[in-house]
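Structure first, commentary second.
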Amino acid sequence: MRTHTLGFPRIGGNRELKKAVEDYWKGAATRQQLEDAARAIRLRNWTLQREAGIDVVPVGDFALYDHILDAALLLGVIPPRFRNDDAPRDIDLMFRMARGQGGDRPVAPLEMTKWFDTNYHYLVPELDAATTFAPDAAPLLALIDEALAAGFTPKAVLPGPMTFLWLSKRVDGGTRWSLLPALLDAYGALLRDVAARCPLIQLDEPILSLDLADDIRSRFVPAYARLRVAVPDATLLLASYFAPVGDNLPVALSLPVDVVHLDLVRGPEDLTPALDILTRAAARQPADSGLPQSGSQSGIALSLGVINGRNVWRVDADKAAAPVRAAVAALGPDRVWVAPSCSLLHCPVDLDAETGLDPEVAQWLAFARQKCAEVRLVADMCDLNGRADAPETAAALARNRAALAARAASPVIHDPAVAVRAGTVTPEMGWRATPYTARIAAQRAALRLPVLPATTIGSFPQTVDIRAQRRKLRTGQITEAQYDAAMREAIATAIREQEALGLDVLVHGEPERNDMVEYFGEQLRGFCITANGWVQSYGTRCVKPPLLYGDVARPGPMTVRWITHAQSLTQKPVKGMLTGPVTIACWSFVRDDVPRPVVFRQLALAIRDEVADLEAAGIGVIQIDEPALREGLPLRRAAHAAYLDAAVGAFRLASSGVRDATQIHTHMCYCDFHDIIDHVAALDADVISLEASRSRMELLDVFATHAYPNEVGPGVYDIHSPRVPSIDEMETLLRAASRVLPLDRLWANPDCGLKTRDWPETRASLAHLVAAATRVREGG
């Protein structure tokens, strides 16, 4: 029985990668210094895994920006605007594709979107009829050599060809699948080079956890047959995760691979049919038949993902061991591997760094390093060669059971008052008093905005001084009063800047918020905050999800004093800025002892109370951000309705207790709305803003097809790139939007908040946005 991981956090225990990459971008570090920092992180990652008991470490899971971008470069998928005959395929090209910066002029970066149903974002490879794959395994081979030289047993990790193509975009409108034969040739060449140094290769095919059309599913077997011909002697591990493989299981287990990984956290129901398929295959092919076992059903091993790779709660080792024992009984220990459910990319690195957590809560947790030890514990519990009875196994199991028992009995988890409040909710509380078509007149009379009003999404640059003030407060160098004064001045600066730019609806800029979810987690009961529990969101952007461990309640107002201060400084409307209940849940590490709809409702009631306080304080525009609503959608359609009903109900419960004249906004990120547009409309937000610039407004088509009735603010510039788009570029996007939706139902805004940008580029971009909106408004 072997232990392995599908991937490990790449940011470093103290976000060393973020600092190294950003220093390189600023010219404060050389390429050699960046490469040295990356090498040190990889070595530390491999060492932590081996010390925790992992037999085989992943190589290729590490990326300076994004692993799908790395795969595109390995395959030579480089769009023409990034090509330069004299430029090598190196990290500068990679960063240019990610950010649009570098070279002789700024260009539009690759589109970015969510990685399945997680809060990680990947860069979308671009394909067209002229795409020619040019594989070059050298970067991956260098990493393999690095691991071998350090004495590790490596497993090369690559996205599988079917998933790579699925995640890519045909920019010329053609079908992606016409490029599959050429892509398989490129993969075959890559795998041949890799297998010569590292015969164990993991190919990630998470699209096997989706509802696949028959014509897509049918391509898997011939595709993998070609790969097997390319590397007949390699050990191929096919990995799927994030949902049950379900009806794709017969295909997955018929592929000519040696190991198939199943996510038994998200898809425990996959185990029984998988064992049935494999044991029946073995019965049909006797061991002495003389036929090759490798790559046939009768010889396939199962990698069982029994440790949750997406949450931070300590595993129930007894529960996790049960499917492993069942697999060992059916297949034998040599055909069973133990692993986390998915890459540990989605977890913080090391719980040992959290010295300030409440010890009671800390004992319930496991971060990436601890999850590796949990993999080892579960494997040892199921070992047939003596480890199950070893004293160290017994001691680790005793600690695990004690922690779980303590959590179950803890009085800090349950708040009777929260249950009483939830019991008072009525269906009428989830509906506005009148439909949008009736209340829009009251809002326009109250707000007196021009056609195509210009606004921003919420946050403004978090300057060095703002971050320093927060750090000084945390370390006791300044008082609360001094901190409040500094934040009020930052808010005043944001208001002055917006008025000078000519924006129509202003925001306070959120200087007091370190993160749009963590800020609320700090003020709501039922949460605790880590000091170093960072996870990667995209590139160098890291987030620190709060830990939602118990019933949620709001002790008092959370945002009112900041928003009312901002409103006192201007005659223009200032938006109240809140994070919605679904996003708070999706972007937190959420308790696993109650159903998700229970958490949604508790959070919705807390936000509802905050909305009421903002309205009572005279705030006429209130934005409740739900960027994670689409992200939280289960991958399988069978689970969609229950999730969407709970999510929409939570948003409406949070937002519907206001007068007609109060305008409710929401914001969503990187979404494909086609399959949920009815539910987006059911939110009944007066205005929805969304990220649309990288897709060149393609996202709006669904709003026209659906005849979406309310107002829309399509993002007209990408805030994830430092590039300042021109007035003409934004005008073109706004005019494209006006061909889809009437001008009197459109807003002009950036794609997202401006927290990560600097003031010079923010001023320039917003000035261009206002100018573009004015042109379109005046030109009709």
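Note that the numbers count up from 1, one per residue, in the order the chain is shown.
Glycine is treated like the rest: Cβ placed from N, Cα and C.
Going through Lys114, Lys472, Lys755 against Swiss-Prot, the one listed in the 5-methyltetrahydropteroyltri-L-glutamate site together with Arg15, Glu16, Leu17, Lys18, Arg541, Cys542, Trp587, Glu631 turns out to be Lys114. Together with Ile457, Gly458, Ser459, Glu510, the L-homocysteine site in Swiss-Prot holds one more listed residue from Asp350, Asp352, Asp613, Asp625, which is Asp625. Here the Cα atom of Glu691 (Zn(2+) binding site) is found 10 Å from that of Ile457 (L-homocysteine binding site). Residues Thr456, Val507, Met516, Met577, Gln623, His667, Cys752, Gly753, Lys755 surround the recorded L-homocysteine site, their Cβ atoms falling within 8 Å of the Cβ centroid of Ile457, Gly458, Ser459, Glu510, Asp625, which are themselves excluded.
Taking CA atoms as the reference points, His667 (Zn(2+) binding site) and Asp625 (L-homocysteine binding site) are 5 Å apart.
Counting only the Cα atoms, the space from Cys542 (5-methyltetrahydropteroyltri-L-glutamate binding site) to His720 (active site, proton donor) is about 13 angstrom.
Annotation for Glu510 (L-homocysteine binding site): spatial neighbours Gly458, Ser459, Phe460, Met516, Tyr519, Met577, Gly753, Lys755, criterion Cβ-Cβ under 8 Å with sequence separation of six or more. Note: the Cα of His720 (active site, proton donor) and the Cα of Glu631 (5-methyltetrahydropteroyltri-L-glutamate binding site) are spaced 18 Å from each other.
Summary: among the binding-site residues (Ile457, Cys542, Cys669), the fewest other C-beta atoms within 10 A of the C-beta are counted at Cys542. Only Cys669, of the binding-site residues Ile457, Asp625, Cys669, Cys752, have a C-alpha within 10 angstroms of the C-alpha of Glu631 (5-methyltetrahydropteroyltri-L-glutamate binding site).
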